[in-house]
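> Reproduced below are the annotations present in TrEMBL:
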REGION    15-63  region 'Disordered'
DNA_BIND  71-110  DNA-binding region
DOMAIN    134-235  domain 'CoA-binding'
BINDING   Gly145, Val146, Gly147, Ser148, Leu149, Gly150  NAD(+) binding site
Amino acid sequence: MPTAPPQSLNKLVTIRNMSAPSNDDKHLPPASLRPHDAPLAGSESNAEENLSPDAPSASKLSRPTVGRLSLYYRELNRLHTSGKTHLNSTQLGSLVDVSPAVVRRDLSMLGTIGQRGIGYSITKVIEKIGLVMGSGVHWQVVLIGVGSLGNALLRYRGFEQLGFRLVAAFDQDPTKVGTAIGGVIVHDTELMAARLAELQPELAILAVPADQAATVAATLKSCGISGILNFAPTTLRLPGSCAVVNVDLASELQRLAFSVQHRS
């Protein structure tokens, strides 16, 4: 299980921003909060921010909402680092291209209400979003597939700052097995089950060809992996308790190209 160190306001959590819900919109994340009867404010309230745990269950937050929260979290941490202490919903919304009403709705779902004329305390909102998103928790992560993308991910230093520690990588190429990339040892995929039993990681990053993804994902699930970030160009669906986030970079480029062609 992940372990919780002291809360850090400088940690970021990046979750893929999904702006529109889908039929298979699964709910995240692992934190649990109790119901809260805070009103859906039309503007910042006269009351101080309510940062009690009495907010709706985090499991009821949709992926689009979680995506927006992660964007708020990123921008709020940046502002906190620069020394800013408060901002209102209009200012926060403009930073992430979201309407003030949506910002207020999202934050009120966390039991967070701004103060009229002052807005939201940046440090308190960071704390609240971090609680829901799992900030301050250390996650052990493994990577499967040390191709060009996997190689780049192993060298990326930002994961550690967010609480995600890459503890092992796996590949079937004998020329890569035994090497260290970004300080992470590459192991033979034939030994993956045994190594996972020793390390007991919670999360896995999948960067293998599409025709291997389902088989590898099933193995990861059987070894106790709780969540998979899938970069293979195929949509994975695993029954049961293993969460999957599919990221198809080529499809994202198509979406971007469409937006460029049809922007008003």
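Each residue's number is its place along the chain shown, starting with 1.
Any Cβ shown, glycine's included, is placed from N, Cα and C.
All annotation found in TrEMBL is predicted automatically rather than curated by experts.
For each listed feature, how buried is it and what is near it?
In the predicted model, the DNA-binding region (71-110) shows an average pLDDT of 93.
The Cβ of Val146 (NAD(+) binding site) lies under 8 Å from the Cβ of Leu154, Ala169, Phe170, Asp171, Asp173, Lys176, Ile181, Val186, Ala207, each on the same chain and at least six residues away in sequence.
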> If you count the other Cβ atoms within 10 Å of each Cβ, which of the binding-site residues Gly145, Gly147 comes out on top?
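It comes out as Gly145.
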> I need the neighbours of the NAD(+) site defined by Gly145, Val146, Gly147, Ser148, Leu149, Gly150. Which other residues of that chain put their C-beta within 8 angstroms of the C-beta centroid, in sequence order?
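Close Cβ neighbours, site residues excluded: Asn151, Ala152, Leu153, Asp171, Ala207, Val208.
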> How many other Cβ atoms are found within 10 Å of the Cβ atom of Ser148 (NAD(+) binding site), counting all protein chains shown?
9
> Let me check the 10 A CB neighbour count of Leu149 (NAD(+) binding site). How many other CB atoms are there?
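Its Cβ shell of radius 10 Å holds 16 other Cβ atoms.
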